[in-house]
Amino acid sequence: MPATARGGARPEEASPAPSASTSASSCMGTRPEELTARLAAAGPAPGSGCGGAGAGGEEVEHERVRALREIKNQIIGNRTKKLLYLRLGAVPSVVAALAEPGASPAALVQAAAAAGSFACGVEDGARAVLAAGALEHLTRLLAHPDEKVVDASARALRMIYQSRLAPKFDVNSGKNMDFVLSLLDSENENVTELAAAIISHSCESSAEQLSLCSAGVPQKLVSLFGGSMNIRDACLGSVTAVIRNNRDVASRFASTDHGKGFHSVVGLIHDRSPRTRLLACLCLIALGHASPCHFQDKQIKTKLIMVLLELIEEPGHVGDEAPLALTTLIKDSFELQKQALTTNAVEKLSNHLLANPLETRRAVTILLALSELCSKLEESRSQLMSVEVSTLLLEALKHDWADIRIAACSCLKNISRSPKVLSGGRLSCDTVIGPLVQLLNDSSTSVQVAALGAICNIAVNLTPRKSVLLHSGVVSQLVHLSKSMDPMLRLKSVWALRNIMFLLSPKDKDFIVKELTLSTLSSLICDSEHFVQEQTLALVHNLVDGYVDSANYVIGEDGMVMDAIARQLNNASAPGVCIQGMYVLANIAAGNELNKEAVMNVLLPHRVDHIKPSFVVNFLQSKDKQLRVATLWCLLNLIYPKCEASSGRVVRLQNAGVILQVKSMRNDPFLDCKLRVCMVLEHCMDNADDCFM
């Protein structure tokens, strides 16, 4: 849930008070069906294709204006009415009024306002308005001589460009760039806001951002900060969009004119308007992520944290989004999370959470902020674990709103990184496992994924007490989800099983394998998604680790699992898959002669058509140092001295060119590889003096 900043995104303006003509129209029928019919019956503007309009034509035009005004007044801020008029097919008639050359300014103003309202906040409305051709007509009307028509058209276009369905404006075109710059130069504030909305909507690619930067758009936007609050906020949102995730553009913005733009944004985090302060914070956060070297001032970072914590107390959208902005700021940063801790962020967020109902977006964003604060620091986790907050988190897991359940799972996932938390208190493993297992049956896939994330972490830190997990029924649920059509559910469920399997007793390993079945395990190794394959092989790695007899699951039962591993390694899948596969083989090769021979048959299979070049050589030549290490470990276990058939395996490896490749790695740049290479060559010498040399 990334924090966003769209400066031009504002709710619809309230409709003006009804005029005398509006009141008069009420006696002529204001039901949506009647209004739609009246608007369609009004037809083309009188005199649009002939010499002029008589009294009858003026009355028809007046009737059309009244119908448009009444429709506009009914739909502004009313989603239900918008959907009703959409079903009645009113949008084409509204847009038709914009297309007619002879339409009166009054009709154009009302039609533009209605079109903008249809497009605001309702995807089907935006789709209908765009399909009717409103974008072209409204853009043309920006040059209309009547200022009210220009205002209404600019407002309508701004609402349309807030929709993700609106087409991107090709700012890489010189003509289009000139048009955007002309809008920014307009003295009409609504037109300037429209320009900001177009920029925010149309600069998602690096090329678009660079084009806008090269045209001086960021500096132009900064120069408009001195305008009205709406202009300032719209321009702040556009600057954020231009620099987001673009190191080059962010760097140029921060350094141009001795950092004038950067310092202007910093100044706005002290603005009187809460919304402006939030947008300025979001802009600085985007700058810091895109170009960290221009955002190293610790005082500014601390001030950002403090401002965002203050903004949480603000009503409405600003207070809802402030915790999310804080989450974005401190994400994955040990330094910033520590700074947040020193400003009492955990205490302030917790107090706000406890003082207000859970049924709000703010509760969701605060839980996510607390989750991030607990991702790295043990002290933050300890601070959060009051009895009141623990109770609230358990309640949140059972909340009716899916977003609250997801946020609570996220919080628990990071809190459970602490073994101390799980060992006792209100949030011990005994109290959280039950509710989390129940969420694995949730109707929301996102909730299931979030619950699996928490279970994954709990399984890692419950090593001495995994019986709690095994007795909770979680294994059968995880096995069920591992067969899901959703790849993320398969990934997370296998990941959880992998963590549960880690350092498990032989008896409990047997229990999991019987629940999972070797057939399912083999299918998951060959899953269509490589990240599922990798985690499944990591699960098998933990299965055969430290328990010699468990290798029988892999090499026994007609070799079903071993065949699946061999297929993946021979297909040279993603590096992570190959690494985990080689560690599985390395663990099996540490066993008896039967195990070693099974591994050799995977590395160097006997073929009638001679020996196929082994994937082992390719792995040893890989640029991935971890894959080289895993492969060398496997070779070490295969040729360990004093094993009865080791010398024979050395010969086979030498004939396949494997030993020659190992000899070429004596100067491997990675120290761990270099050490294993020396050990492999020493073992070769010990096993077969004459054969090797």
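One is the number of the first residue shown, and numbering goes on along the chain from there.
Every residue gets a Cβ built from N, Cα and C, even glycine.
Unlike curated records, TrEMBL annotations are generated automatically.
Summarising the annotation, TrEMBL assigns compositional bias 'Low complexity' to 14-26.
Here TrEMBL flags 1-34 as region 'Disordered'.
The repeat 'ARM' annotation in TrEMBL covers 133-160 (among others). In terms of DSSP helix, strand and coil, the repeat 'ARM' (133-160) has 24 helix, 0 strand, 4 coil.
Taken from TrEMBL, the feature repeat 'ARM' covers 431-473 (among others). With DSSP states grouped into helix (H, G, I), strand (E, B) and coil, the repeat 'ARM' (431-473) comes out at 33 helix, 0 strand, 10 coil.
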Query raised in the report: Counting only residues 6+ away from its ends, which parts of the chain sit with a Cβ under 8 Å from the repeat 'ARM' (431-473)?
Result: 394, 397-398, 402, 405-406, 409-410, 412-414, 416-419, 422, 481, 486, 488-489, 492-493, 495-496, 499-500, 502-504, 508, 511
Query - Sequence-remote partners of the repeat 'ARM' (133-160) [C-beta within less than 8 Å, at least six residues beyond its ends] - result: 8, 12-13, 95, 98-99, 105, 108-110, 112-113, 115-117, 119-120, 126, 166-167, 183, 188, 190-191, 193-194, 197
